[in-house]
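Novice: The structure is given below, and queries will be raised subsequently.
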Amino acid sequence: MTEPLRVLITGAAGQIAYSLLYSVAKGDVFGKNQPISLVLLDIDFMMGVLQGVVMELRDCALPLLHEIIPTADKNVAFKDIDVAILVGAMPRREGMERKDLLKANVKIFKEQGEAINTLAKKTVKVVVVGNPANTNAYVCKTFASSIPPENFTCLTRLDQNRAAAQIAERVGVTSQDVKNVIIWGNHSSTQFPDVSHATVTLNGQSSSVKDAIKNDSWLQGEFISTVQTRGAAVIAARKLSSAMSAAKAICDHLRDWWTGTEGSWVSMGVPSDGSYGIEKGLIYSFPVVIKPDHSYSIVQGLPISDFAREKMDVTQKELVEEKNDAMLTVQD
Ligand SMILES: NC(=O)c1ccc[n+]([C@@H]2O[C@H](COP(=O)([O-])OP(=O)(O)OC[C@H]3O[C@@H](n4cnc5c(N)ncnc54)[C@H](O)[C@@H]3O)[C@@H](O)[C@H]2O)c1
Ligand SMILES: O=C(O)C[C@H](O)C(=O)O
C-alpha cells in the first residue's frame, strides 16, 4: 500500500479549512490512490470547535483518510510533515488592506518557519494562505533555512481563477477555456492580472484574449481593478472573507504542484530568482510550469510592455516595503 502523505492544515477550525478539508481528504488534490494523514492545527481556544470538525470528517467515511490528528501543539503538528497548508491567521475586515494584518499575523509565520525548520521533512512543500500571504511566506522561508527556499510558496491561484472567470464570463465560455492568465506580484490590490499572453477557446478555435474581448480599455481598466479588489468586494457582501473560492484555489495550487501543469502556466507566489528584474528572494507571483516530479520553473522570455513593466514594479515596491516592515516586526 502507498504510504500515507502527512498533510498539515493550520487554522483547521476556521472557515477556509471547513471548505478545504473534504476535498483534500477525498483525494481531489493528491490523487485517488494516495492515503492521507491529516494533521489539524488550531489554537487552544478552538479545540472544542475542532473536535466538531473532526467528528464530521470521520462521519464522511472517506476511504483515503488514514488518520486525523487534531492538535494545538506545534511540536505534534509540524513533525515529519510532507505538506503544510498554512491558513491559520487573522482575516481582514471591511475597510482594511491585507497588509494591515502584518502586525497581527507575521509572528505566527516566524514561529511556524522555525517549527518547519526543525520538525518537518526536508522535502516539505509549503503553501501560505494567511494574509498578507506573500510576506508571511517570505518570513516563514527566512526562518526555515534548512529547507530549500523553492519549497515555500503562497497562494495567488485565487486571483488567477478570478481573472479567468471574468474573461470567461465576458466571452461567454467557461473558465477551463481560458488559459495562461498571469498574476504578477503581491496578493493585494497592487497585483497585476495580465492577459496579454492568455488565450481563449471559442467554438473550438483558440485566439488571444485581446482578440476575443476586442475592448482594450476594459482589459486595461475595469478588468484589472475588479480582480485586484475582488477580496474586498466579497468581504463587503458577506461580512466574511472568501472561503469556498479560497479553498478551491488551494486545491488547484497543490494539485498542480503535485501532478504538474501539462503545457499551460499557473501563477504561484514563489521566491524570485531575479527573473523579470524582480528582487531575488521576494515571494512574488510569477507564471510557472510544473513537472510531475513537483519541480517548477518560472516561465522565461515573455515580452513585457511598458504598461506591464510599470504595474510589475508597483507591486514589487509594495512587497519590498512589506518585507522590511515584517522583518522589523519579527525582531520586536
Ligand atoms: N491568499 C488567499 O488567497 C486568501 C484567501 C482567503 C483568505 N485568506 C486568508 O486566510 C486566513 C484565514 O482565513 P479564514 O477565513 O479561514 O479565517 P478564520 O478566522 O475563519 O480562521 C482562521 C483560523 O486560524 C486559527 N489560528 C489563528 N492563529 C493560529 C495559529 N497561530 N496557529 C494555528 N491556527 C491559528 C484561528 O483560531 C481560526 O480558527 C486569513 O488571513 C485570510 O485573510 C487568504
Ligand atoms: O481579501 C481578503 O482579505 C481575503 C482573501 O485574501 C481574498 O482574496 O479573498
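Any Cβ shown, glycine's included, is placed from N, Cα and C.
Automatic prediction, not curation, is the source of TrEMBL annotations.
Got these off TrEMBL a minute ago, pasting:
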- 6-152: domain 'Lactate/malate dehydrogenase N-terminal' (DOMAIN)
- ASP42, ASN105, VAL129, GLY130, ASN131: NAD(+) binding site (BINDING)
- ARG92, ARG98, ASN131, ARG162: substrate binding site (BINDING)
- 156-326: domain 'Lactate/malate dehydrogenase C-terminal' (DOMAIN)
- HIS187: active site, proton acceptor (ACT_SITE)
Novice: Looking at the binding-site residues ARG92, ARG98, ARG162, which has the shortest Cα distance to ASN131 (NAD(+) binding site)?
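Specialist: Nearest candidate: ARG98.
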Novice: Using all protein chains in view, find how many other C-beta atoms are within 10 Å of the C-beta of ASN131 (NAD(+) binding site).
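Specialist: Total other Cβ atoms inside 10 Å, all chains included: 27.
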Novice: Using a 6 Å cut-off on Cβ distance, which of the recorded positions ASP42, VAL129, ARG162, HIS187 come close to any atom of ligand 1?
Specialist: ASP42, VAL129, HIS187
Novice: So which of the binding-site residues ARG92, ASN105, VAL129, GLY130 sit close to ligand 2, that is, with a CB under 6 Å from an atom of it?
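Specialist: Going through ARG92, ASN105, VAL129, GLY130 in sequence order, those close to ligand 2 turn out to be ARG92.
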Novice: Can you grab the distance from ARG162 (substrate binding site) over to ASN105 (NAD(+) binding site)? Cα atoms, rounded to a whole Å.
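Specialist: Rounded to a whole number, the Cα-Cα distance is 25 Å.
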Novice: Between the Cα atoms of ARG92 (substrate binding site) and ASP42 (NAD(+) binding site), what distance do you get, rounded to the nearest Å?
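Specialist: Pair distance, Cα basis, whole Å: 18 Å.
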Novice: At a 10 Å cut-off from the C-beta of ASN105 (NAD(+) binding site), count the other C-beta atoms across all protein chains.
Specialist: 23
Novice: Note the mean pLDDT of the domain 'Lactate/malate dehydrogenase N-terminal' (6-152), expressed as a whole number.
Specialist: 97
Novice: My understanding is the cutoff is Cβ-Cβ under 8 Å with a sequence separation of 6 or more in the same chain; which residues meet that for ASP42 (NAD(+) binding site)?
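Specialist: Result: THR10, GLY11, ALA12, ALA13, GLY14, VAL49, LEU50, PRO70, ALA72, GLY88.
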Novice: In sequence order, what residues of the same chain, 6+ apart, have a Cβ less than 8 Å from the Cβ of the residue listed as 'active site, proton acceptor'?
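Specialist: When sequence neighbours closer than 6 are ignored, the residue listed as 'active site, proton acceptor' has ARG98, ASN131, PRO132, ALA133, ASN134, CYS154, LEU155, THR156, LEU158, ASP159, GLY269, SER285 within Cβ distance under 8 Å.
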